[in-house]
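Next up is a structure, given as structure tokens.
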């Protein structure tokens with residue numbers, strides 16, 4: 001059987017600096033994994049070579065193309081000599097140049113690494129009759145001719161089609177997820193073991209991969225190499241810049257087939273799809289609670305351990321994640337870099353601006369499938385949906401009263417402790433919530449910023465305007481499931497439901513008579529001459 005050597009570059013991928021910058025983070029990590037795995041395979045097959053510079057750089061999280069340029073300056077003659085030379089000592093044997101880095105394929109071709117089968121290879125450190133090049137710079141591997149033919153046949157198809165040829169032989173025993181490259185499995189397995197071998201010397205934060213540590217260290221150094229030519233905003237890594245640039249062109253190429261929502265990044269779509277599937281792959285080993293995103297699990301674990309890594313040097317407030325600290329720090333600096341072009345209002349966070357702009361555009365992309373009502377924010381739809389389901393996940397441990405919103409629970413709990421920390425400087429009235437104080441202060445200044453376009457009536461609160469507008473539209477979104485009677489207000493529905501249930505939660509302490517509505521109790525107390 002004739003043996004044919006296959007070049008290392010035949011199953012490797014290479015990019016120019018410009019091409020490298022257009023790879024996203026996931027693709028760069030995959031590239032790094034494939035190259036390290038290929039090198040590991042060659043070593044295990046008996047290729048006695050010193051570690052190439054590019055492999056050392058990849059292990060350290062460095063950019064590979066920098067090493068490529070350096071290597072070509074050092075050995076230009078060797079590379080020219082051995083790049084295309086065909087040896088005729090045996091039938092069709094070619095020299096393998098492990099540091100050649102010839103640009104052959106795009107990232108979609110990474111799956112060809114799976115064609116390397118250990119049993120099919122024989123290694124040789126020297127071709128008979130050839131003077132051995134510089135130590136560690138070249139090596140060759142022989143492969144049966146039929147395997148080379150198989151390789152050549154597969155390279156004749158499109159890059160996308162090649163992905164379907166490649167299996168995923170490396171399977172995680174914990175969750176069953178499979179990978180094309182062993183190194184990917186190694187990285188993935190650290191999610192289950194919690195192993196984070198790469199530690200930041202500045203803050204002690206640890207990471208599973210060196211590339212992640214490298215990006216993190218730029219937070220400390222303030223290094224932002226990638227600047228947007230449109231708006232001048234700078235980023236730590238190129239992937240963040242490319243995602244940002246899609247905002248300017250409005251590109252959202254990744255669309256959810258379930259609901260049609262589109263995303264700029266494939267990873268965002270993957271996370272979003274778990275809402276539809278209900279998948280929560282990340283489980284807390286302490287309490288068993290599951291999460292859709294690993295970042296959510298990490299934050300949850302920090303809450304349990306009271307481990308708060310990010311502390312504000314101005315006020316000492318601590319945060320679970322660095323992004324929270326960065327947003328908070330803008331409070332001290334007064335920085336609000338994101339300005340609305342319609343009204344000039346500025347925001348500390350880009351997402352706040354995006355949500356605000358929907359006020360001007362009228363965009364409400366989130367629709368309730370039960371009643372057809374639409375919302376500008378996904379969270380508002382979630383809260384609204386609880387009206388239909390009756391879900392009240394937040395329970396007071398003092399009186400066991402349940403609430404559909406966490407903010408309602410917090411507000412309610414202050415009743416038990418009697419705390420009203422927010423005082424009005426005008427009249428001295430105290431409130432449990434800052435939002436209540438803000439609403440109250442508009443009474444003193446006479447501000448009513450929310451005006452009805454139908455009749456011109458103005459309101460202090462947007463919520464009041466929304467309720468008022470239902471008078472003009474005739475909308476009654478809150479329906480009783482018992483008798484199908486509909487109401488404009490949720491509070492009216494709650495009161496109505498007590499007719500069916502017989503519930504009378506408001507009791508007179510004087511005579512023990514009970515009432516369905518608080519206003520009825522107030523009116524009744526006048527009989528006893530009780531001051532309210």
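The chain as shown is numbered from 1 upward.
Glycine is treated like the rest: Cβ placed from N, Cα and C.
As listed in Swiss-Prot for this protein:
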type	residues	note
DOMAIN	6-77	domain 'KRAB'
CROSSLNK	126	SUMO2 cross-link
CROSSLNK	142	SUMO2 cross-link
ZN_FING	170-192	zinc finger
ZN_FING	198-220	zinc finger
ZN_FING	226-248	zinc finger
ZN_FING	254-276	zinc finger
ZN_FING	282-304	zinc finger
ZN_FING	310-332	zinc finger
ZN_FING	338-360	zinc finger
ZN_FING	366-388	zinc finger
ZN_FING	394-416	zinc finger
ZN_FING	422-444	zinc finger
ZN_FING	450-472	zinc finger
ZN_FING	506-528	zinc finger
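Map the listed features onto the structure and describe their local environment.
Per-residue confidence over the domain 'KRAB' (6-77) averages out at a pLDDT of 56.
Sequence-distant neighbours of the zinc finger (338-360) (same chain, 6+ residues past either end, Cβ-Cβ under 8 Å): 327, 330-331, 376-377.
Taking H, G and I as helix, E and B as strand and the rest as coil, DSSP gives the zinc finger (394-416) the counts 11 helix, 4 strand, 8 coil.
Within the chain carrying the zinc finger (422-444), a Cβ under 8 angstroms from the stretch's Cβ atoms is held by residues 407, 410-411, 414-415, 460-461, all 6 or more beyond its ends.
Taken through DSSP, the zinc finger (450-472) splits into 11 helix, 4 strand, 8 coil.
Panel annotation: around the zinc finger (506-528), residues 495, 498-499 of the same chain, lying at least six beyond its termini, place a Cβ under 8 Å from a Cβ of the stretch.
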On the DSSP side of things, how many residues of the zinc finger (338-360) fall into helix, strand and coil, could you say?
11 helix, 4 strand, 8 coil
Residues sitting near the zinc finger (394-416): Cβ under 8 Å, six or more positions beyond its termini, same chain?
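383, 386-387, 432-433.
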Write out how many residues of the zinc finger (198-220) are helix, how many strand and how many coil, based on DSSP.
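Per-class counts: 11 helix, 4 strand, 8 coil.
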